[in-house]
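Sharing a structure with you now.
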Amino acid sequence: MNSPSESRVPSSLTQDPSFTASPALLQGIWNSTQNISVRVQLLSVSPTTPGLQAAAWVPFPTVDVPDHAHYTLGTVILLVGLTGMLGNLTVIYTFCRNRGLRTPANMLIINLAVSDFLMSFTQAPVFFASSLYKKWLFGETGCKFYAFCGAVFGIVSMITLTAIAMDRYLVITRPLATIGMRSKRRTALVLLGVWLYALAWSLPPFFGWSAYVPEGLLTSCSWDYVTFTPLVRAYTMLLFCFVFFLPLLIIIFCYIFIFRAIRETGRACEGCGESPLRRRQWQRLQSEWKMAKVALIVILLFVLSWAPYSTVALVGFAGYSHILTPYMSSVPAVIAKASAIHNPIIYAITHPKYRAAIAQHLPCLGVLLGVSGQRSHPSLSYRSTHRSTLSSQSSDLSWISGQKRQESLGSESEVGWTDTETTAAWGAAQQASGQSFCSHDLEDGEVKAPSSPQEQKSKTPKTKRHLPSLDRRM
């Protein structure tokens, strides 16, 4: 570690019994020792410095920080990990157990819970164990695998949140377009694309484009955002553009148009007067908007959790890694991993059907949430309309008007329609047959058709008519 210019004491002199060290020589030896100590400390704090990466692996370096710093971070990450695993496992179990929650839209929520569960499962125990020993314990291969898992599951969560925002955008602004699109099979293909996209951005460090290295207090690993080389900086720049900033812009775009659609629909409903239709349409839109707000809260918390870590990485990308301390890297990393606990907590507080399902399948947890099992069953009704109902030419209005709100756990059809989609489909069909948009009345499978002038004169209580035809392949 010593440079040629540093003061050294020849071994031949130290072995001479008559040798006496002068004060000046002792001071030179002390200065040389101090230089060695400082250089070793710099090497341990910045293992990603160019030219020193290979030396950082054997043995793994440590950072000269108080022991309580390691223990505190280790305890926090353990609590975060346990909460994330138990909470997301509850979400997965509840959504999969309840038929009324197994819809194409909720498949995205289940995927988010799966990625958050795996994030907590793969990151927290390893981080905690290394913090107890105040150094990385799992070797170079373990470091790469740990960082790879963190990258994959973090990217999957971000892209899944983007897909949720797009789903809410389509349901609220273009409900007719989603009738034939939102099937479980197509949603599964979307989720497959999400995982492949995450793998595409997580595998390059294994092949020499950037690297997975220790970071912060050197008890966790991440991709190399410190090395100031064109190849590493290019990977960091593209990663931020296509994994963070672009999805964030898409989410902002979706919610801007959701706000506009709700405002315009509210104004349109005002022209219908104080009719039951107006109230029901507004209630349906409000229901969809409540779900959109839940998704928006999850997205905002996720972005806020990753913002400090992204800032640290961008500082390293800009070439100012020398101002980053071990704490400045480790604390944001813990905050980012805490994003895995937001999803189950928010849904347990704000999602009425999820709360009711918990009360039914997990009564003990339902008591903690203040939800009664007996009272929750009616709210589990999954309101949907079969495509065959709208596509059948032989269905009459008297049969439809006899259908009341389903008090079951769900429809077995592949496509679960929301209230907004059903309203839009019926409204478009009525418009195609020359009827006014404000003249029909539809609520959860109950349809009341307007009567023609001849029917009003004859005051016929019921008239059989056929629904407009819709393609069965929608």
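Note: Cβ is positioned from N, Cα and C throughout, glycine not excepted.
Annotated topological domain 'Extracellular' per Swiss-Prot: 1-72, 129-144, 210-238, 315-355, in sequence order, evidence recorded as sequence analysis. What Swiss-Prot lists as N-linked glycosylation site is ASN31, ASN35, and the listing cites sequence analysis. Residues or ranges marked as transmembrane segment by Swiss-Prot on the basis of sequence analysis: 73-93, 108-128, 145-165, 189-209, 239-259, 294-314, 356-372. Positions annotated as topological domain 'Cytoplasmic' by Swiss-Prot, on the basis of sequence analysis: 94-107, 166-188, 260-293, 373-474. Positions annotated as disulfide bond by Swiss-Prot, on the basis of sequence analysis: CYS143-CYS221. What Swiss-Prot lists as N6-(retinylidene)lysine is LYS337. Summarising the annotation, Swiss-Prot assigns region 'Disordered' to 428-474.
Mind running through what each feature is packed against?
This prediction places the mean pLDDT of the topological domain 'Extracellular' (129-144) at 93.
Non-local neighbourhood of CYS221 (disulfide bond): TRP136, CYS143, LYS144, TYR146, ALA147, GLY150, TYR212, VAL213, PRO214, GLU215, each in the same chain, at least six residues away, with C-beta under 8 Å from its C-beta.
Sequence-distant contacts of the transmembrane segment (145-165) (same chain, six or more residues past either end, CB-CB distance under 8 Å): 105, 108-109, 111-112, 115-116, 118-119, 122-123, 126, 138, 190-191, 194-195, 197-199, 201-203, 205-206, 212-213, 220-223, 243-244, 247, 250-251, 254-255, 295-296, 298-299, 302, 306, 336-337, 339-340.
Secondary structure of the topological domain 'Cytoplasmic' (166-188), assigned with DSSP and counted as helix (H, G, I), strand (E, B) and coil, comes to 17 helix, 0 strand, 6 coil.
Sequence-distant contacts of the transmembrane segment (294-314) (same chain, six or more residues past either end, CB-CB distance under 8 Å): 112, 154, 157-158, 161, 164-165, 168, 225, 236, 240, 244, 248, 251, 255, 324, 328-329, 331-333, 335-336, 338-339, 342-343, 346-347, 350-351.
Secondary structure of the topological domain 'Extracellular' (315-355), assigned with DSSP and counted as helix (H, G, I), strand (E, B) and coil, comes to 35 helix, 0 strand, 6 coil.
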Please identify the stretch among 108-128, 189-209, 239-259, 356-372 with the greatest number of Cβ pairs below 8 Å relative to the transmembrane segment (73-93).
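Going through each listed stretch, the top one turns out to be 108-128.
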Once near-sequence residues are set aside, which residues in the chain of LYS337 (N6-(retinylidene)lysine), 6 or more away, have Cβ atoms under 8 Å from its Cβ?
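The answer is ILE77, VAL80, GLY81, MET119, SER120, GLN123, ALA124, PHE127, GLY150.
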Let me spell it out: take the topological domain 'Extracellular' (315-355), skip the flanking residues so only those 6+ beyond its ends count, and list any with a Cβ under 8 Å from a Cβ in it.
45-46, 48, 63, 65, 69, 73, 76-77, 80-81, 83-84, 87-88, 90-91, 94-95, 98, 100-101, 109, 112-113, 116-117, 119-120, 123-124, 127, 150, 154, 157, 215-220, 222, 225-226, 228, 233, 236-237, 240, 290, 293-294, 297-298, 301-302, 305-306, 308-309, 366, 369, 371, 376, 379-380
